Amino acid sequence: LFAIFAFATCGGYSGGLRLSVDCANKSESDLNIDIDFAYPFRLHQVNFDVPTCEGKRREKLSLIGDFSSSAEFFVTIAVFAFLYSLAATVVYIFFQNKYRENNRGPLIDFIVTVVFSFLWLVSSSAWAKGLSDVKIATDPDEVLLLMSACKHQSNKCLPVHSPVMSSLNTSVVFGYLNFILWAGNIWFVFKETGWHSSGQRHPPDTMEKQSSSYNQGGYNQDSYGQAGGYNQPGSYGQVGEYGQSQSYGQSGPTSFTNQI
């Protein structure tokens with residue numbers, strides 16, 4: 001879900017800005033200059049016409065910059081992360097035994113999780129820098145500086161509205177959230193691998209060694225397990241509470257022995 005939100009908010013973006021050029025000669029003015037752009041933000045290919053305020057002649061301009069590499073890299077990582085998550089979910093549910101066979105599945109899952117965590121960090125950072133450059137390149141005040149008509153004080157050039165970048169800001173946030181999610185998942189995937197299981201075998205072995213050495217000591221000697229006293233031929237033995245052995249003859253108890 002986080003991957004879907006990441007590539008949807010970035011890959012599905014389209015926006016625009018509007019400018020106005022009020023020439024000294026009103027008939028040459030253009031008060032609604034719309035400039036639209038979208039993903040993958042190849043702004044140098046976005047062309048628009050503006051008046052020159054010198055007769056009916058108009059000039060053709062374009063925005064500055066190509067930020068498609070960082071945007072496409074970010075969206076690509078998000079799409080592949082979504083596909084891998086979907087495939088892994090199917091394997092976890094329907095092929096659990098196959099997944100754990102020879103410990104190969106958990107090891108592959110662990111390596112892929114580490115790789116995706118790194119790629120999420122790199123792509124999110126690259127796209128955050130790219131988005132900052134997109135905001136500068138599409139700033140109406142910066143675009144007005146490209147127009148020759150705006151260099152004359154007799155003409156009035158004003159921004160009408162700026163592009164809305166809220167969804168692109170959200171995409172960066174989801175990019176870093178995906179990094180935190182995948183990085184935190186490294187530990188849970190690592191617990192499924194044989195490396196974690198082998199590390200857990202040593203404490204039980206140590207306890208067994210201590211137990212065997214403890215039993216070989218003086219606490220399991222026959223002298224502590226033998227019942228002393230004199231038992232008559234017709235007597236019988238009973239073990240009382242707290243490990244006390246009592247021997248009774250035909251007429252009553254004849255001896256007591258405390259055993260440990």
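Backbone N, Cα and C atoms are what each Cβ position is placed from, and that goes for glycine too.
A quick note: this is a predicted structure, and the numbers were derived from the prediction, not measured.
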Check: According to TrEMBL, which listed range is region 'Disordered': 189-224, 225-260?
Finding: 225-260
Next item on the list: Determine which residues of the chain contact the transmembrane segment (173-190) at the Cβ level, with the cut-off under 8 Å and only residues 6 or more beyond its ends counted.
Entry: 2-3, 5-6, 9, 74, 78, 81, 106, 109-110, 113-114, 116-117, 120-121, 123-124, 127-128, 196
Checklist line | Model confidence over the domain 'MARVEL' (1-194), averaged pLDDT | finding: 90
